[in-house]
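All remarks here apply to the structure that follows.
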Amino acid sequence: MKEIKERIKNVEKRQRDTWDPFQLNPVGAEKESKRRCFHLAQYLVAVIVGLAVLTSAIIAKGSLLVLSTMSSPTSMRNAKEKQFYMLMLVFCLVCPNFLVFLKSLWRCAFKSFVQPNLKTMSLICVIECLVSLGTSVLVLVVMPQFDVLTNLFIGGGVCILSATMQIVFRLQSESWKIMFPICSLVLTIAGYCLLGVDYYVRVSSYVDNQTEDCFVYVGIGIFASLLISLCWWENPLQASNCMKEMLAELDGYRDFVFVISSILRIIVTGGVYLFYHVLIAKSIVWEDFNLRSDEWELLQTGLGLFFLQAFCSAACHWFGVVACKIHAVRMSFALPVCCTGPAVLLLGLILFITQAQQLEGAAHGSITEFCKSLIYLSHQNTTPVVLLEITRSICRTSLNSHYLQWPFSMLALEGVCMWSGFVTCTYYVWKIKVQRIERTSQLFVRRLYESTFIDLSLLLNTKMKVPKAASPNSRDEIQNCVIYLCATMWHETYDEMLKILTSMFRLDRYRGDPKEQHNDCFDFECHIYVDDAFMTEKGTEKRLVNSYVNDLIHVVIEVYRVFTNKEPDDVSIIDAPYGGRLMFVMPEGNMLYIHLKDKSCIRNKKRWSQIMYMYYLLGWKGYLVKNPHMIPRQTNEHRTSLVSLDGEIFLCPQYDNDNKRKFISDDNMYILALDGDTDFQPKAVILLVDRLRMYDNVGAACGRIHPTGMGPMVWYQKFEYAVGHWLQKTAEHVFGSVLCSPGCFSLFRGSAIMDDNVLKRYTTTSCRAIEYVQYDQGEDRWLCTLLLQQGWRVEYNAASDAYTNSPQEFEEFYNQRRRWGPSTLANTLDLLHSGPETVKRNSSISRLYIFYQMFTVGSSILGPASVTLMIAGAFQFVFKMTGTLAIIVASIPPMFYIIICFIAKPNTQITIAGIMSVLYAFLMTASFFSIIGDMVIQGTFLTPTGLFLVSMTIMYLVTAILHPEEFGMIVYGLMYFICIPSGYLLLTIYSLVNMHIVSWGTRESNKGEKEVKKNKNILCDRNCNLCCWDMKLQITQESENLILQQMTGQPAQQVQCLTTTTNDIPLQTLSGSEAQNGPCSSNATKETLSPAADGHSRRRSTGSITDSIIRFPLFEVPVRDWVHPVKEEFLKKLTYANMKRNLQEQIRYTLRNKHQDDVCEELVQMLTETLRGQLVGVGPEDILTEIQLEELQYSLSKQARYILKTNKMEKLEKRVQNAIVKTLTAPQVTKLDEGETDFWHKLIERYLTPIVDTKGHQEEVTRELKSLRNKAVFLYFIVNVLWVVATFFLQAIGSDVISIKIPKYYPNGTLSDEYLKVEPVSLMFLLSFAILLLIQFLAMLYHRIYTLIHVVSYRSTEKDYRKRDEVHNYTKALSHLN
């Protein structure tokens, strides 16, 4: 209710100045705000991840300690059990190496392989062998000799080398922080000393018969810890920029190195195990590895501890990575990992204190007597084995001393020193700066983790991001980027245009002033390319903008009003070789360009618009960036600069991003391809930018496209799009690369587009039949195919949502898919054909992925036959037909429709397809309920058909649950099910048979070409030729009245200026020839300002908008006919009603950040009064003359100067003066500079000349297209008929002869005496389809997890829109906290 009252109040305020105060308010124009639920969800996820890290680390560490204790020579287990537990310890050490081996081998085999440098690889392998040797000796030799507490503490010494290298290389951002590694080194050495002293006391005190052999193991343990500390040698070196070339080289073939080093580590681990326990300890009895059936408890305990340790260590590593990526480094990573050791100790003590009462002997008064009593429990099965062994191990410490128990404090002090040593060594983790989304390689140095010391491994492996290591390639700081939003329009409606303009203005508000730095480090420009923007006026033959452009201009003005409550300020109208251009400065200072394409001057349609803006933004602007002296400077004396809304004057804002691009590489320059009806939020753009920033090899990224509209066809498409994104696109993203990034909302990397064989080949003009299908019918998919073939990756981000209108009519839907279907097949076959070469170039595409795509293509080719067989099954269920008869009956409608498609017109084909779709829908509905009824009759759903239906339902339901914001899409699943015959049978036939039709099929109507109404008030319209001058004389009723007023002594009014035309230098036409009367010819209108119109006469416009009110430059600007009507639309800003509102909002916006609200409101009030006083008698819709504007500017400036001087705020005078000038500035008619004009002429001549096909060429292309159509239809027909015929004969032979018998089970699990008989071919196809869906489902689960990580990380850095008072209070609160 509060919002409604606020809107009513605003309407009443506007109504004071005009009788038309009503305006549109597009959905989504309001400021975005952070939802509290997302804050809570973010913290909840961080807490869950932190608990997962802590829990998994405790279990992994505890399991390893238990295994080492139970395999100890002093354990109370028998020799066979000790031997088995020691083997489990070996498996624990081998498991991480085996996992890394599999992953690296996969990447080498199916991703990329780089020939390694043997010298570097040898060095790495030696280091890895030493690390493996130290780990194996410590875990398999030393730790079994120690007690459990010593084993818990001794691991802290592995940080000694890292601390030493931090001191040597001085890797601290501040000099005083060198105390941290020094303290770490001192504490670690002190811990080792205390370890030796503790065992000396034990030996001298005869604790648990401790012998002097323990000193050998203490020395070996310290030496092994030093070897293990070599594991993280890369971290200090990369931070110090030492061996930079070697480390950079290592990144290229690290996968192959890991394959070799993993094998070597496994061999070393096995060698140490065999060498010590076979040759030295001689504790292995090979026959003991044969476990008897009564030793299940031993196997269960050992394997359970092994799986716990292996799984939890891997989970801890993964959750640690997740914690860093969601910006919860302190709370969910550093804190849990640092607390792992104390938590294990605390948990062990709690278990010891609480559970020791269960042991016999716990009632003894002293610890020594209690420990003696444990010996008698070793042979009792009632005692918990783990508790008994842990208790027995604790009894090996100084607590069990008969003389002195105070030396136990030495052990406790050793633990404190070791723990403090590694915490101070990894102090930098607490201050690490993580970008919104980072690769794991940017967070951790090594891919391999050490399961033995999982907590230490995570901290020491965390990358040191210090200033000394900063470099352009380090990615420690987010890189600035420039985003070009490029929307292509083709006959969009007013509401569709409103969506895209609202989205662009939202992004402008999100980005803010381009002169200020943004958290997301990006700048952007908006470009809209309008195809078919001009029409020829009947009668006058003038080339004017059509009604679509007029609608677009009205939308821009309306959206500008919604976002700023005023009219557009800086508007430039520019004549261009390709048609025209409108240039706007958006409210926050970012640029909006509208390019009006004349199809008689330049090629129309989407692909050529894309080539147009790619060459303009990447080619021409890139050339300017590489040659800064070529960037034009403002030479217009009248308008030396443009003014942003904050009052700051800046020179030529259209070249701001060009200047910024001098410091930005092409890798950080992005093009956001949009359709003219796309609706998106700023968040969606930033999430796509994150994907391209994260991986250098990502050439494009697309988001989740949501179709909008009403009706059954939209409902079908909603579920179709949902399933396509939920399963198919995620599977492509996970297993390889997305094949199609839709042009309605996709982000492309500039360097990827500029790569060889991409943009250059994209300009290819279709000549052959297959090229018309592949290039022009699906340009987005072809562009992605070119990127993939050049080695670039295309990704999908499920959290980046965009909304676009979908076909609502059956005919429009079929025509759209008639383009998409053959193009999709052609591009996929092209990619498969170049598969071997693409696999070599593209690390994201493997041979397995090529096989996966071959399987999906085969499934789509067999789609019509599969649907026909499904319909035959429906006939069997519904009408109780035999299998052979059902197949025959089901094959008749497709054959009938194929004949219809060959002999009837497309509209007739679509009409018949619609009728058949309805009939099929009824049949599918009956089939659905018949299948359910059959399961009821059979008494079980465990039949192939029933199981498939139930499993698909469960799978789609789970998938929808995992997409909570889209869960409602599941409702449209039934609509999708009953439309399967229409979408996969009839539509396939229609698209194949009509493949030779290469027209767009949608939005073909052109309301803009209708006749333009002439001005009925024209009294005289003559064209006069005098020497070299073409003069146009036009007198209207209004100008005649003005002349009569002057003759009768009425107040002086300015007479309407006569429009003159002149022949300028002929413009280069698209075909290279000159046309004297064409729309791109040299017949351009020139406007001149007569002396009388230069300030000596005045006129009040009462009806028509004239040119005399514009402040023209002193030189002549040649323009064409279309400029005048466009200019008149923007001149309405100079009416009294608009000017008053503009002035008020301009003053408020100019002073919005100056914290001078009182002065601001006083200025608004007084300047409004001055404006009202100066324009007494002027109507709300009247346009002011230039004299009135000059007088008004003088009065407003004088008043503003007085107010500021009175308030002693003279420093704001410049800003206020700029706001006044900006309010009174009329739209400008300008021209392109010579360099850009020459660029457009040559671009059009080389690539974009309108195609004029001869009749003979058109006939030849039509013949080739029909030939291609016939071949495709024949191939589809033969393959599908073979499939149907094979199934038919299997049915005819009978299920008793050729069938697979499947046991029949009831839902309660009991086995029936009957068997289910299924044909082998049907079962094979059913299983193949089920496996394909299962693979896609697993890929979806994987993709969902990483989408959640990305969303949470984005929400933590999301921009928050606050009012100024809220920002002031928030800043004040922060200052108090600090």
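The backbone N, Cα and C atoms fix where each Cβ goes, and this holds for glycine too.
According to TrEMBL, the features are:
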COMPBIAS  1070-1088  compositional bias 'Polar residues'
REGION    1070-1101  region 'Disordered'
TRANSMEM  40-64  transmembrane segment
TRANSMEM  123-146  transmembrane segment
TRANSMEM  152-171  transmembrane segment
TRANSMEM  178-200  transmembrane segment
TRANSMEM  256-278  transmembrane segment
TRANSMEM  298-321  transmembrane segment
TRANSMEM  333-353  transmembrane segment
TRANSMEM  884-904  transmembrane segment
TRANSMEM  910-929  transmembrane segment
TRANSMEM  941-963  transmembrane segment
TRANSMEM  1273-1293  transmembrane segment
TRANSMEM  1321-1342  transmembrane segment
For the transmembrane segment (333-353): best-contacting stretch of 152-171, 256-278, 298-321, 910-929, 1273-1293, by Cβ pairs under 8 Å: 152-171
For the transmembrane segment (123-146), distant same-chain residues with Cβ under 8 A (at least six beyond the ends): 64, 68-69, 71-73, 86, 89-90, 92-93, 97, 154, 214, 217, 220-221, 223-228, 230-231, 233, 250, 257, 260-261, 264-265, 268-269, 272-273, 276-277, 450, 452
Whether the transmembrane segment (884-904) meets the transmembrane segment (1273-1293): three or more C-beta pairs under 8 angstroms: yes
Among the ranges 40-64, 178-200, 298-321, 1273-1293, 1321-1342, the one whose Cβ pairs under 8 Å to the transmembrane segment (152-171) are most numerous: 178-200
Seg_contact(the transmembrane segment (40-64), the transmembrane segment (1321-1342)) with at least 3 CB pairs under 8 angstroms, min sep 6: no
Same-chain residues near the transmembrane segment (298-321), Cβ under 8 Å, at least 6 residues beyond its ends: 49, 52-53, 55-57, 59-60, 63-64, 66-67, 80-81, 84-85, 87-88, 91-92, 95-96, 99, 291, 333, 337, 385-386, 440, 443-444, 449, 451, 454-455, 457-458
Folded-back contacts onto the transmembrane segment (1273-1293), same chain, C-beta under 8 angstroms, at least six residues removed: 861-862, 864-866, 868-869, 882-884, 887-888, 891, 898, 988, 992-993, 1319-1322
